[in-house]
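Some notes on the structure that comes next.
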Amino acid sequence: MVDLVKTILLIAYWYGLAVGVSNFEVDWLTGEAIATRRTTIYAAVHNASLITLLILFNLGNNSLKSEFISARYLHEYFFMLMTAVRISAVLLSLITRWYQRSRFIRIWNQILALVRDRPQVVRGRWYRRSIILKFVFCVLSDSLHTISDVSAQRKRITADLIVKLSLLATLTTIFNMIVCQYYLAMVQVIGLYKILLQDLRCLVRQAECICSIRNRRGGVYSIQCCSLADQLDLIAERHYFLKDRLDEMSDLFQIQSLSMSLVYFFSTMGSIYFSVCSILYSSTGFGSTYWGLLLIVLSTASFYMDNWLSVNIGFHIRDQQDELFRVLADRTLFYRELDNRLEAAFENFQLQLASNRHEFYVMGLFKMERGRLIAMLSSVITHTMVLVQWEIQNDES
């Protein structure tokens, strides 16, 4: 029987190689990442060709500069800004992946070693569901976005326009693949956190059972407490190493995170604004037909779901750390104290969690948290309302 998740990972891996996002190979027998000559040459040629096409595109008659001069509607100016932001985000991300390639390979192999020690991570229901959902909505978002671009320009299709749309579709695909690789790495880290939580819950239950032992002068009680203390120290060591890998990943994906924030901000504004423009008049190319509006609704819904999965995955890390605190706090409900060594092990682990919490800052500009996300959504809605009001006023005049 075909393993759906393994098939999805294979498709993502080969697709990442094909579009020049991955500049190293993975041995599927061992899972080890290595930099090979053929992959390096292919990725370098692909990226250089892409940059050359972008330069030629901006020097031609249909460049962003010429379109900016000939634009008549506000939504045309806005989508040129979106295109410029997306191009800049892709180029910055690709450049980052070249000069930090050795770090990408090292963190890949380190995460792989952790997963190899805990193979139940890849067999977990949450892990499989997360990968399948991301694949479905990423494919839907990418496909519907391409169909929307072609449908909006269907009345003036030319050879130059086909090249332009193909180039923009390639950029969109590259950006989505970069986000997908970040997502897959975070899913594996969260899977490791879930295994860590399971082991900690089991240990706390065992410690609670030990509390019921009345005769504490015998050797059985001391041996059991020492055994649990050793297990807790190992769990704390696993958490420290996993947290260290997570901090390195956060530092490694700084440019990609900033690019994601900018692209998602403008794309969310653009999808709402473009929907309103399609209803107001037919200059967008959809002509407000039922099929056109249905395409907009489906494209917007899949785009938002894909974005939400990519953004929310980072918040799950903080949720797992908060859950570690709550599980350790259950120790205070025990009706009797434990052995001194086991109590010290619990206190040391709590101190480690309190002093080494994961805080993710995007290029030192702002901290990624749910409150910040709500503020960004509020800003998106406010700016979109301003654009829509301006469009309605000019449409009436």
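Placed from the backbone N, Cα and C atoms, the Cβ positions cover glycine too.
What you are looking at is a predicted structure, and each value in this text was computed from that prediction instead of being measured.
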| Looking at Swiss-Prot, is Ile317 on the same side of the membrane as Ala35? | no
| said: Applying the under-8 angstroms CB criterion, which one of 4-24, 76-96, 373-393 scores highest with the transmembrane segment (167-187)? | reply: 4-24
